[in-house]
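Undergrad: Among the features that TrEMBL reports, active site, proton acceptor is placed at HIS243. According to TrEMBL, the feature NADP(+) binding site maps to GLY15, ALA16, THR17, GLY18, ASP19, LEU20, ALA21, LYS22, ARG49, ASP88, VAL89, LYS151. Under the heading substrate binding site, TrEMBL lists HIS181, LYS185, GLU219, ASP238, LYS343, LYS348. Annotated domain 'Glucose-6-phosphate dehydrogenase NAD-binding' per TrEMBL: 12-190, in sequence order. The domain 'Glucose-6-phosphate dehydrogenase C-terminal' annotation in TrEMBL covers 193-489.
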Amino acid sequence: METTTYPKAVIVIFGATGDLAKRKLYPSIHRLFNNNQIGDEFAVIGVARRPWTNDLFREKVKESIQTPITTDEEIDSFTSHFYYHPFDVTDKSSFQDLMSLMNDLDGQYRTEGNRMFYLAMAPEFFGTIAQNIQEYGLKETNGWTRLVIEKPFGHNFESAKKLNDELREAFDEKQIYRIDHYLGKEMVQNIEVIRFANAIFEHLWNNRFISNIQITSSELLGVEDRGKYYESSGALRDMVQNHMLQMVALLAMEPPIKLTTDEVRSEKVKALRSIRPLTKQSTFDHFVRGQYGKGEIEEEHVDGYREDPNVDSESNTETFVAGKIMIDNYRWAGVPFYIRTGKRMKEKLTKIVVEFKDLPMNLYNNGSGKKQTNLLVIHIQPDEGITLHLNAKQSDGTRTIIPIQLDYCNNCINGINTPEAYEKLIYDCMNGDATNFTHWDEVALSWQFVDTISKAWESQKAEFPNYTSGSMGPDDADKLLEKDGFNWW
Ligand code: NAP
């Protein structure tokens, strides 16, 4: 009889009473358990200051689970793996107690000394926690030790480097798993497959056949109750430095020679290194910032960003960024990658549009004299799938063509079974697969690119607000493409 080998580990979640743990981590671990991807050889220790008991913690974990539960026995058997250990992470001596609890659970759950430390806390604690883990010997084990950290990874290159240096005093690069949850999304992971497993795309994936690539990630929501955090971040740091540039790297990279972590990351790093650096002047030519004013979303009035009680009434923080990125290598010379992301926009979606060049001699048009461009649209969220925009014959005896669309909808088929990004990333980390986590080199290159933009913007006050809530951003974002003869799709 075949036996399944499950990943085994004691997982310590720092920030166990927080929003991320409740909304993402517990439901994801439960889905892994429910889908039989992890067995019984795991335990979770929750750390935070609130004086909860094991019972209360298990109750909270139970409340956070969204999957329909069949029986109480099943859910109790899952939550019985959870233990709560309250302490302030700045209190060094508590790490000693944490170690004995880990050792006990290691024996009880036969986790072979494997340890995952998940820092679901504000980044100012990362260095302290990592150093205490090191100092109190929590890494001294026969199994593996991995550290998972969340964004924001620094505020600029300098602070990111300082943070990285602190982490590296305690952990090797190979032990550090930096989460960019976009890399856990099904269709972001599918970019490589669409490109490298389909001859009809990869052969055309270059400046001879592609005119431009557009990445849009728009949100309906404003900053909600995160105004204070957002004031020191803005869309550039919150979205562009990480998620948007990661998608650019996946679209622009060369095919790796193997699908190993090192090979994939090395190609992504090369793509990021090929991005043309900006100057202050080219920042103003190639990047547009925006901030939402009041408007209407789904027929309801909404306030502008500056009206938020946690936000400066003269705030210069951008809630929208559009930009043109040029990649100076043989494959992409001359092809703009346009990115656009913002809050309080017309719809919530993330998609990539690859626009192909027209044929050298296309004799057909759609009746209005216009050519119909071929597009490959990769829908990341909420829809997951691809649409190919082609041309076909109109059945009226004329030479007029009509646009047709070939659709593949991933979440229509998989339905609710499409794994959550966090679920996949936690599973990957337990299995030691760091491919879909960001390497320090990627973080560093992304910050260096973004820092020029933030410095240029800080040198000049913007005329905000400059877009209405419920729109697709400021007019200048449209003009950015119009100047090049394109439009947003
Ligand atoms: P949060 O709701 O504010 O939770 C922070 C957690 O840290 C709480 O459990 C808090 O518990 C604990 N904590 C704070 N100070 C502590 C201390 N001195 N010692 C021990 N525990 C302490 O924050 P969050 O939204 O979960 O975010 C956590 C991290 O993930 C942040 O870096 C955030 O930027 C990042 N992130 C969050 C999301 C999200 O969806 N929420 C998404 C992406 C990234 P006590 O008050 O009980 O101590």
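Placed from the backbone N, Cα and C atoms, the Cβ positions cover glycine too.
Caution: TrEMBL annotation is automatic and unverified by curators.
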Undergrad: With substrate as the bound species and HIS181, LYS185, GLU219, ASP238, LYS343, LYS348 as its recorded binding residues, calculate the greatest Cα-Cα distance and give it in Å as a whole number.
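TA: That value is 20 Å for the farthest Cα pair.
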Undergrad: Please check each of the recorded positions HIS181, LYS185, ASP238, HIS243 and report the ones with a CB atom less than 6 Å from an atom of ligand 1, ordered along the sequence.
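TA: Cβ under 6 Å from ligand 1: none.
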Undergrad: Return one of helix, strand or coil for ASP238 (substrate binding site), based on DSSP.
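TA: Looking at the DSSP assignment, ASP238 (substrate binding site) belongs to a helix.
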Undergrad: Note the mean pLDDT of the domain 'Glucose-6-phosphate dehydrogenase C-terminal' (193-489), expressed as a whole number.
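TA: Taking every residue of the domain 'Glucose-6-phosphate dehydrogenase C-terminal' (193-489) together, the mean pLDDT is 94.
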Undergrad: Quick one: pull the CA-CA distance for LYS348 (substrate binding site) versus THR17 (NADP(+) binding site), whole Å only.
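TA: Rounded to the nearest whole number, the Cα-Cα distance is 28 Å.
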Undergrad: Distance check, please: Cα of LYS343 (substrate binding site) against Cα of THR17 (NADP(+) binding site), rounded to an integer number of angstrom.
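TA: Cα to Cα, LYS343 (substrate binding site) and THR17 (NADP(+) binding site) are separated by 27 Å.
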Undergrad: Give me the largest Cα to Cα distance among GLY15, ALA16, THR17, GLY18, ASP19, LEU20, ALA21, LYS22, ARG49, ASP88, VAL89, LYS151, the residues the record lists as binding NADP(+), in Å as a whole number.
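TA: Output for NADP(+) binders GLY15, ALA16, THR17, GLY18, ASP19, LEU20, ALA21, LYS22, ARG49, ASP88, VAL89, LYS151: max Cα distance 21 Å.
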Undergrad: What is the number of other Cβ atoms found within 10 Å of the Cβ of LYS185 (substrate binding site)?
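TA: A count of 24.
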Undergrad: Between ASP19 (NADP(+) binding site) and ASP238 (substrate binding site), how many Å separate their Cα atoms?
TA: 17
Undergrad: Going by a 10 angstroms cut-off between Cβ atoms, which of the binding-site residues ASP19, GLU219, ASP238 has the sparsest surroundings?
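TA: Minimum Cβ neighbour count within 10 Å, taken over the binding-site residues ASP19, GLU219, ASP238, occurs at ASP19.
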Undergrad: Counting every protein chain present, what is the number of Cβ atoms, excluding its own, within 10 Å of the Cβ of ALA21 (NADP(+) binding site)?
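TA: There are 24 of them.
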Undergrad: Sorry to bug you, but what's the C-alpha spacing from GLU219 (substrate binding site) to ALA21 (NADP(+) binding site), rounded to the closest Å?
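TA: Each residue's Cα considered, ALA21 (NADP(+) binding site) and GLU219 (substrate binding site) end up 22 Å apart.
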Undergrad: What is the interatomic distance between the Cα atoms of ARG49 (NADP(+) binding site) and HIS181 (substrate binding site), given in whole Å?
TA: 26
Undergrad: Going by C-alpha distance, which of the recorded positions GLU219, ASP238, HIS243 is nearest to VAL89 (NADP(+) binding site)?
TA: ASP238
Undergrad: Using DSSP and three states only, what is ASP19 (NADP(+) binding site)?
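TA: For ASP19 (NADP(+) binding site) - judged by DSSP and reduced to three states - the answer is helix.
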